[in-house]
Amino acid sequence: MTITTLSIHEGKDSVSSNHPEKDVEEEPTIEEVATLEQTAERIPLAAWLLILCQLFEGFTYFGTYTILQNYIQFPMPTGDSKQAGAFGGGRQLATAVTMSYSCLCNLSPIILAIIIDQFWGKYKTLCIASVLYIVGLIILVLTSIPMSVNAGAGLPGLLCALFFMGIAAGGFRTTVSPFMAEQYTRKTLVVKDYKGKKKIINPQMTIQSMFSWCYWATNAGSLTAKIITPTVEKYHSFWLAYLITLMTIPGCIIILLIGRRRYIRVPPVGSIIVRAFRITWRAIKNRWKLGPIPNDILQTINPFVIVVFVPIFDKIIYPTLRKCKIIQSPIARMTCGFIISGSGIAWTAFIQHLIYSTGPNFNYATKPCLTCQKYNNITVAWQIPSYFLLAIGEILAAITGIEYSYTNAPKSMKSIVMSFFLCIKAFGSILNLSLVPVTTDPQVLWMYTSQASATFVIGIIFYIVLRNHEEKGIPVEQSIRKESILSVARLE
């Protein structure tokens with residue numbers, strides 16, 4: 001036992017000698033790991049700047065995306081009509097364009113990740129993405145004014161703008177989270193004195209907190225945008241709503257320039273995907289509702305719940321679960337996210353059943369006529385639980401998925417792994433495109449029912465397949481315990 005204690009303290013001495021200015025920090029002993037409270041460290045200022053940058057990008061992306069459906073689906077209002085619109089292209093065209101845009105935003109990270117890892121690096125990518133956002137938004141603003149729409153420039157301008165913005169969004173999504181995490185450099189547990197009380201700084205908890213706040217920033221921007229742009233769209237114009245988002249994105253460039261000397265920039269190390277393609281090529285080359293508020297405004301519930309509950313999960317729920325030793329691993333959290341999200345979609349299917357069971361139109365929720373009542377008599381408040389459950393599921397599954405992707409990816413694959421994680425959303429958008437033919441009454445009920453069933457089944461399969469990988473979700477403290485126990489065993 002004496003020999004073991006000496007071995008551990010020798011490790012402490014070596015750490016102290018390497019960092020004489022941080023004598024108050026030392027690696028914990030086995031007993032300290034088992035007994036002392038573990039906590040997250042203060043998030044670096046450089047990381048907070050990037051979180052703020054993510055907030056601006058979230059406002060820009062969701063501010064434009066939220067009002068696309070109305071912009072394309074409905075015509076310009078005339079007479080007593082209060083429904084905002086521009087093209088009058090109908091629901092199917094609007095759904096196809098918005099889903100294609102979402103698909104581009106989530107597929108572009110695959111190509112961009114290779115360029116980022118091979119040539120640009122994360123800082124340069126964020127600067128380029130910000131400029132592309134500005135170019136796309138300028139095109140969108142200019143082609144959304146009534147004169148341009150009436151001249152036939154609206155739809156071509158929209159598609160051109162969405163292309164630039166889709167590439168820009170892909171650049172942000174694949175880069176900003178890993179770049180933020182790189183601003184925190186601690187890798188091992190240390191003991192620090194907090195006002196006379198010893199606590200263990202756990203880097204894994206700090207990383208988890210950083211990703212939570214980054215996701216919170218995205219949804220804070222989303223919430224603000226989903227309140228402002230639909231309101232401006234309804235009571236003024238689309239071009240002004242898009243102009244507001246254009247005025248926001250330069251904040252990202254300002255933040256990147258302000259912190260350029262503060263950021264930790266990991267230089268590009270080359271993409272493993274490029275090397276893999278080269279190897280493969282060498283191997284085979286010789287072988288062969290309309291009302292007093294905008295209908296888009298209901299989407300604010302989801303980011304609102306995320307903005308409110310991310311801090312609650314980070315400061316209250318997750319620490320409580322750790323103390324109770326339940327749902328600690330990323331796999332368990334993501335599985336819970338699947339189940340809760342599936343419950344949200346199931347509730348949506350139930351709402352659709354209520355809509356079809358309510359008069360006066362029953363299986364046809366709307367009727368395109370001027371004299372009859374167009375909509376069934378059911379309150380929109382029934383939709384609130386759906387958005388709430390989906391938001392909670394998103395906190396558990398999406399944030400944890402981003403965190404897990406970053407912490408388990410090799411250094412040379414941080415961006416490419418993050419892009420693959422985001423690419424799954426693109427496949428979701430493709431699946432949504434395949435469902436466009438059934439987005440009409442009365443088939444919508446079965447669409448929601450099948451989506452809910454698929455989410456439950458996938459969540460169960462996900463846990464069954466990956467439950468044996470749960471250890472990888474808590475590498476820091478377990479690795480220290482295992483190394484200490486192995487060293488004790490060797491000494492004995």
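Glycine too: its Cβ is placed from the backbone N, Cα and C atoms.
As recorded in TrEMBL, the features of this protein are as follows:
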{"type": "REGION", "residues": "1-29", "note": "region 'Disordered'"}
{"type": "TRANSMEM", "residues": "45-68", "note": "transmembrane segment"}
{"type": "TRANSMEM", "residues": "93-116", "note": "transmembrane segment"}
{"type": "TRANSMEM", "residues": "128-149", "note": "transmembrane segment"}
{"type": "TRANSMEM", "residues": "155-179", "note": "transmembrane segment"}
{"type": "TRANSMEM", "residues": "238-258", "note": "transmembrane segment"}
{"type": "TRANSMEM", "residues": "331-355", "note": "transmembrane segment"}
{"type": "TRANSMEM", "residues": "384-404", "note": "transmembrane segment"}
{"type": "TRANSMEM", "residues": "416-439", "note": "transmembrane segment"}
{"type": "TRANSMEM", "residues": "445-466", "note": "transmembrane segment"}
In contact by Cβ distance (the transmembrane segment (155-179), the transmembrane segment (93-116); 3 or more pairs under 8 Å): yes
Counting only residues at least 6 beyond its ends, the same-chain positions whose CB falls under 8 A of a CB in the transmembrane segment (45-68) are 84, 94, 97-98, 101-102, 105, 126, 133, 137, 140, 165, 169, 172, 176-177, 179-181, 183-184, 210, 213-214, 217-222, 224-226, 228-230, 233, 238, 241-242, 244-246, 248-249, 251-252, 255-256, 258-259, 262-264, 296, 299, 303
Three or more CB pairs closer than 8 Å, sequence separation of 6 or more: does that hold for the transmembrane segment (238-258) against the transmembrane segment (128-149)? yes
The transmembrane segment (416-439) versus listed stretches 155-179, 331-355, 384-404, 445-466: most Cβ pairs under 8 Å: 155-179
Cβ contacts under 8 Å made by the transmembrane segment (331-355) with residues that lie 6+ beyond its boundaries: 365, 376, 378, 382-383, 385-390, 392-398, 400-401, 404, 444-445, 448-449, 451-453, 455-456, 458-459, 462-463, 466-467, 469-470, 473
Sort out the residues at least 6 away from either end of the transmembrane segment (445-466), same chain, that have Cβ-Cβ distances under 8 Å to it, and list them. 331-332, 334-335, 337-339, 341-343, 345-346, 348-349, 352-353, 356, 435, 438-439
